[in-house]
Amino acid sequence: MTLTWMAWTWPTAVFFATIFLLLAAMCVWEYVSPGGNPRFGILRFETTRGDRLFVSLLGSAFIHLAWLGLVGPNLWWALALSVVYAIGVFRYV
Amino acid sequence: MNKTWNNKAWFLVLPVMLLVMFSAVIPLMTVVNYSVQDTFGNNVFFWAGTEWFEQMLNSRRFWDAMGRNLAFSFIVLAIQIPLGVFIALNMPRKGWGVPVCLVLMALPLLIPWNVVGTIWQVFGRIDIGLLGHTLAALGIDYNYVRDPVDAWITVVLMDVWHWTSLVVLLCYAGLVSIPDAYYQAARIDGASRWAIFRYIQLPKMKRVLTIAILLRFMDSFMIYTEPFVVTGGGPGNSTTFLSIDLVKMAVGQFDLGPAAAMSIIYFLIILLMSWVFYTVMTNYDSER
Amino acid sequence: MAGAKDTTMTLRDGAATTPAAREGQGTIDRTMRRRGAESRFWWLVPTIYIIFLMLPIYWLINMSFKTNIEITGTFSLWPQNPTLRNYMVIFTDASWYSGYINSILYVAINTVLSVAVALPAAYAFSRYRFLGDKHLFFWLLTNRMAPPAVFALPFFQLYSAFGLIDTHIAVALAHCLFNVPLAVWILEGFMSGVPKEIDETAYIDGYSFPRFFVKIFMPLIASGIGVAAFFCFMFSWVELLLARTLTTTAAKPIAATMTRTVSASGLDWGVLAAAGVLTLIPGALVIYFVRNYIAKGFALGRV
């Protein structure tokens, strides 16, 4: 049984590690202050911080895709935009 | 129901987690890995960066397939939902007709998807099919192998045949949960047929209709087997939907990189729709 | 409406029929009969719809009893010289009937596996809140919604790496991807209909969790288990893409055998039709048992 067919690369490994670290961090956060801070934001339904993380990540994915399709291959700007978007989501949604 | 907070419940969920992770997470990671690399086989990979994503997002082929998929979902919903509601309203509510209707209507749902394709492939043929032969006898020029419009009509008709019963069953389940007292009150008030539908039946069906619309949208968005068997994506590319194109690219041409990039874009769209579905559903649940 | 069969569909709504409601049954019946746009022809709609559904199926059955010469040569609404040859071909040729055995084997493994792991998980979701429960539930749902084509790409390598290619276990495991979430959803819906006081009373009476679950709780949701098993059976039975990707010969499902024959010989319509007819039978048999619950199952246990 080998795993060469999975074709790991450093960038993708870092990407998944980041996602898992984020999930772990959310668990710790939940442990420290339970309840998930539910509230009604601008989307007009109840969200917890887990929902906000998901909306941020999914939105960031689409921002990156849109940047690739419309602007060009330099994704650092898309990343910056995503961070701004994520802060916005955690603040207002 | 107010649930108790208990993190030990995780142990009850663990088997499901592991089982689904094996088939979901490892393949998803692999797809992400493939999407940034190029290969000539034998597990030798080269870094390609975001090249495949750019190529996909700027390719006519991808957007055409996406457009066809959206058009297909829209047409299918526009036919199936009103038709399903209409049939459910006219279903018998008691007596021997109920089980007969339920069993016969549910039958198409249990046919293997490629057999559904085979049934319609045969049914629509001019030489040996009832539909094709009858249309030809009536002097209508119908040939789903050659004409893109006819191919579309066949695929849509097949999907209506296959899945309208789902809408009927869901709406029927919503309708039978209306207490008799409601109809009694409506009768005393002398309410019209339309008023009964609008103010008693429709509100009761709202929840199941939401489920029906979302399920039908997502299932029609990932349609693969039935049109593949009937038309093989043709004539030309006229019935090549996203899934068909994806399998063609991955298995037929062995273009792992572009196929993986397409998988991810496709998956992200599904993820967004699933989230909408879930949010709508849980909000219904909390309203109850 | 007052029948016991109908009230089972509204389990959640509790006792739908009270004695008071039953008194006005006569007038209700008259209203019910009138409700189809005040006409006596309401039955036309379901009848026409069912005829529309049955016509293509009838045509397949019709063809399966014809010889190939009759199928291609003449056009007839019923078999002129009924023959069982097509069925004989399937029942005597191992490459055909083994397809059915393979399909039934992996469907059975998948159904047992899915329901077995889904039962405790559904109990956890219906009774407790825990860290990340809603997101876990959502993640399970996305696997039900994801197109198999997205995952099909690396599936072959994954199952090869574990030496599972062309085994029934491989297909059964792969189908768990969408059947386990489905089973969890359906069972959770049924379990939420059981009052929590029953659990608490049992624990006070000294039942351990496993004993309570098997002896008391499972009989209470027996219909839910039946429906979940039915839906696992159904979706595993109708799926082709993954089943075809993961098998070559030894575990090849009947559905894949059919597609191969279409492309290879192309002309044996009679055998193809007979094989198609035989795939309808298991579905038609089991559907009768769950007819009153099927809508509830499709609504993921939430009607």
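Heads up, the Cβ atoms here are built off N, Cα and C, so glycines get one too.
Unlike curated entries, TrEMBL annotations are predicted automatically.
Quick look at what TrEMBL annotates:
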DOMAIN    C:100-290  domain 'ABC transmembrane type-1'
REGION    C:1-27  region 'Disordered'
TRANSMEM  C:41-61  transmembrane segment
TRANSMEM  C:104-125  transmembrane segment
TRANSMEM  C:137-156  transmembrane segment
TRANSMEM  C:168-191  transmembrane segment
TRANSMEM  C:212-238  transmembrane segment
TRANSMEM  C:269-290  transmembrane segment
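If you look at the transmembrane segment (C:269-290) against the transmembrane segment (C:41-61), you find at least three C-beta pairs under 8 angstroms, all six or more positions apart, and that counts as contact.
Only residues 6 or more beyond the boundaries of the transmembrane segment (C:41-61), in the same chain, are considered here, and those with a CB under 8 A from a CB of the stretch are 35, 273, 276-277, 280. Listed stretches C:104-125, C:137-156, C:212-238 were compared with the transmembrane segment (C:168-191); the greatest number of C-beta pairs under 8 angstroms is found for C:104-125.
Within its own chain, the transmembrane segment (C:212-238) has Cβ neighbours under 8 Å at 8, 103, 106-107, 110-111, 114-115, 118-120, 123, 172, 175, 178-179, 182-183, 186-187, 189-191, 194, 198-199, 202-203, 282-283, 286, 289-290, 293-294, 296-297, 301, counting only residues six or more beyond its boundaries.
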